[in-house]
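Record features, source Swiss-Prot:
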DOMAIN    10-325  domain 'Deacetylase sirtuin-type'
BINDING   37-57, 122-125, 213-215, 238-240, Cys311  NAD(+) binding site
ACT_SITE  His142  active site, proton acceptor
BINDING   Cys150, Cys153, Cys174, Cys177  Zn(2+) binding site
REGION    260-284  region 'Disordered'
COMPBIAS  265-284  compositional bias 'Low complexity'
Amino acid sequence: MTEPKLATTHVVGEPTFEGLARFIERNNITKIFVMVGAGISVAAGIPDFRSPHTGLYAKLSRYNLNSPEDAFSLPLLRQQPSVFYNILMDMDLWPGKYCPTTVHHFISLLAKKGMLLCCCTQNIDGLERACGIPESLLVEAHGSFSSASCVDCHAKYDINMARAETRAGKVPHCNQCGGIVKPDVVFFGENLPEAFFNVAGLIEETELLLILGTSLQVHPFADLALMVPSDVPRVLFNLERVGGRMFRFPTDRTPNFRASSYRLSTGNGNGSKISSGDSSNSSSVDGYDQFTLAENDETGVLRDIFFPGDCQVSVRSFAQALGFGEQLDASVREGREIFERTRRREKVVEG
């Protein structure tokens with residue numbers, strides 16, 4: 001077998017913040033698709049799921065669950081609702097509790113500048129909404145705490161009442177059928193919202209993919225990164241590398257040998273769609289280690305970029321390269337001031 005040659009060039013030119021900014025300006029990029037995960041909310045004080053010792057899963061050992069995912073499953077909710085609601089009291093992700101981060105404001109700024117095609121988030125904390133990302137450009141793939149409903153009859157339940165009962169240590173029950181009420185977040189094994197599958201049509205229009213603060217271990221959300229056209233740059237902002245050989249970054253020295261065969265089997269890079277028939281939320285620890293999707297290996301051209309480290313810091317540097325670092329700083333300050341004023345008013349009312 002003839003080995004593919006090592007990539008020598010990159011579709012954006014120079015794979016740096018400045019090079020990426022020049023690529024955006026040179027090509028008049030206005031259709032940026034953003035995928036975000038729990039890592040962008042850690043700076044707000046919300047733990048992510050998988051970090052050792054500090055992540056949410058690491059804190060679930062006292063419940064003696066078979067797996068951490070069981071805490072977010074309907075069978076356990078029905079059998080032992082107190083487990084989920086005790087976790088809910090610890091998380092306290094109801095609207096207004098946490099302040100959006102620099103990354104949230106960066107995405108909102110992209111929207112204001114007409115550069116955001118879609119923000120698809122795994123997060124259930126609602127901080128994308130809180131920082132002003134328009135609902136028309138936002139897909140909450142795993143739901144949010146902005147509403148609640150009965151798990152049996154699906155009747156809507158007043159979100160403020162659900163929050164008050166939860167904070168009082170009670171399990172909310174439906175006024176109509178008596179079933180257990182939960183926030184409208186997607187549990188493992190539940191179907192994702194229809195809005196998630198509608199974004200597949202946007203994938204074909206994507207001109208740049210930004211991936212921020214996600215482990216890419218939950219499907220079908222992670223599959224979105226496979227669906228953008230094969231010449232579209234994919235940029236990962238994360239503490240550590242994820243995605244296995246889904247990506248090939250400029251620092252990688254080992255070429256991928258199975259790209260063509262896997263691409264043919266998935267239809268990757270041709271606007272392929274995620275089927276709503278496979279719509280349940282599932283978790284995987286493989287991180288795509290067994291796959292390889294570096295489509296441009298054969299041509300000697302790369303399209304992936306990895307900016308390791310704190311995504312808040314990296315995004316601030318990226319915004320600076322784009323020429324709106326000061327606007328981002330101002331947006332963060334204003335957002336913090338509004339958040340603190342609102343919190344003070346709420347404390348006065350509660351007091």
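Glycine residues also receive a Cβ, built from the backbone N, Cα and C atoms like all the rest.
In this structure, the C-alpha atom of Cys177 (Zn(2+) binding site) lies 28 angstrom from that of Asp125 (NAD(+) binding site). Nearest neighbour of Gly45 (NAD(+) binding site) by Cα distance, taken over the recorded positions His142, Cys150, Cys153, Cys174: His142. Note on Gly45 (NAD(+) binding site): other Cβ atoms within 10 Å of its Cβ, all shown chains, come to 10. Same-chain neighbours of the Zn(2+) site beyond Cys150, Cys153, Cys174, Cys177, judged by a C-beta within 8 angstroms of the site's C-beta center, are, in sequence order, Val151, Asp152, His154, Ala155, Asn175, Gln176, Gly178, Gly179, Val181. Per-residue confidence over the domain 'Deacetylase sirtuin-type' (10-325) averages out at a pLDDT of 85. Note: the Cα of Gly37 (NAD(+) binding site) and the Cα of the residue listed as 'active site, proton acceptor' are spaced 10 Å from each other.
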